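Notes follow once the structure below has been shown.
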Amino acid sequence: MTRGRCPGLAVALLLALLLAPRALRAKPTVRKERVVRPDSELGERPPEDNQSFQYDHEAFLGKEDSKTFDQLTSEESKERLGKIVDRIDSDGDGFVTTEELKTWIKRVQKRYIYDNVAKVWKDYDRDKDDQISWEEYKQATYGYYLGNPEEFQDTSDHHTFKKMLPRDERRFQAADLNGDQTATREEFTAFLHPEEFEHMKEIVVLETLEDIDKNGDGFVDQDEYIADMFSHEENGPEPDWVLSEREQFNEFRDLNKDGKLDKDEIRHWILPQDYDNAQAEARHLVYESDTNKDEKLTKEEILENWNMFVGSQATNYGEDLTKNHDEL
């Protein structure tokens with residue numbers, strides 16, 4: 001923001017950016033952001049320490065929810081985790097299998113998405129008719145910009161909003177399956193979380209291409225691919241992980257070896273069809289906690305490794321431990 005700008009405008013801009021879908025607000029600042037999965041099989045990761053778990057809590061929950069979890073003692077956490085384990089053990093045989101964990105994790109993932117939509121629904125459903133029209137969304141997100149265009153003419157914000165508005169409209173239309181310019185809760189969920197819906201995945205691919213393709217040729221070359229995840233300092237050496245990513249681009253991303261990625265290759269990169277995140281997470285948790293190597297977990301084995309579970313999707317990264325039994 002430039003010096004002397006109206007404070008109200010700064011607030012309006014901040015609100016607009018916060019209310020806009022996450023994928024539209026800014027390019028990733030870490031190299032994992034584009035891919036809708038972890039970079040490697042979770043079972044192959046080294047064990048994480050307590051500091052890593054805390055980072056996971058804050059990254060996924062936000063600092064306030066993480067503080068709520070921090071208020072629990074280890075005994076309270078284990079007690080609540082034990083109640084969750086009883087629910088994960090769907091057949092009640094006293095063991096938690098990889099399949100039971102996977103089923104539970106998928107449930108947690110789905111609940112997170114719908115809870116997220118519920119939290120912002122009232123911000124957009126201005127007439128309280130339990131649906132959100134494109135006009136409602138546009139006014140809630142871009143109303144200040146549309147009503148005061150003269151304040152944006154000489155700022156980078158003008159370019160940002162000018163780009164985001166039609167992009168949002170295109171995504172909204174893709175989510176609006178019956179074409180009535182109004183989104184039901186399911187359609188609005190697809191709008192905010194397009195990577196979770198098959199009919200929205202082309203939009204995810206297209207938006208990724210538009211973000212990274214700086215020369216506008218309709219492809220992503222290696223330099224654009226690297227620039228999206230790493231800002232190179234003049235004359236500075238590239239970190240080892242950047243060199244590794246260049247190799248990844250050549251060996252695994254650029255499938256037809258023409259030196260650039262087309263839409264199909266981008267889809268293969270960010271939305272791989274042969275990867276099940278819940279399956280990988282479940283396998284990782286069993287692998288790390290199965291002390292007797294019988295490929296299933298007892299409650300005791302889980303509680304012995306409780307710090308790993310409260311930093312995993314199985315407990316929504318610890319948030320479920322702060323909820324009542326009936327909320328799960």
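Glycine too: its Cβ is placed from the backbone N, Cα and C atoms.
Under the heading compositional bias 'Basic and acidic residues', TrEMBL lists 30-48 (among others).
As annotated by TrEMBL, compositional bias 'Basic and acidic residues' applies to 55-68 (among others).
Among the features that TrEMBL reports, domain 'EF-hand' is placed at 76-111 (among others). Counting residues per DSSP class in helix, strand and coil order gives 27 helix, 1 strand, 8 coil for the domain 'EF-hand' (76-111).
Residues or ranges marked as domain 'EF-hand' in TrEMBL: 112-147 (among others). Mean predicted confidence for the domain 'EF-hand' (112-147): the pLDDT average there is 94.
Residues of the domain 'EF-hand' (163-198) grouped by DSSP class, helix first, strand second and coil last, total 25 helix, 2 strand, 9 coil. The domain 'EF-hand' annotation in TrEMBL covers 163-198 (among others).
Look at TrEMBL and you will find 200-235 (among others) tagged as domain 'EF-hand'.
According to TrEMBL, the feature region 'Disordered' maps to 29-73.
Sequence annotations record features per position, and here TrEMBL assigns signal peptide to 1-26.
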Same-chain residues at least 6 beyond the ends of the domain 'EF-hand' (163-198) with a Cβ under 8 Å from one of its Cβ atoms are 20-21, 23-24, 36, 113-114, 116-117, 120-121, 124, 130-135, 137-138, 141-142, 145, 204, 207, 210, 271
DSSP tally for the domain 'EF-hand' (112-147), helix/strand/coil in that order, comes to 27 helix, 2 strand, 7 coil
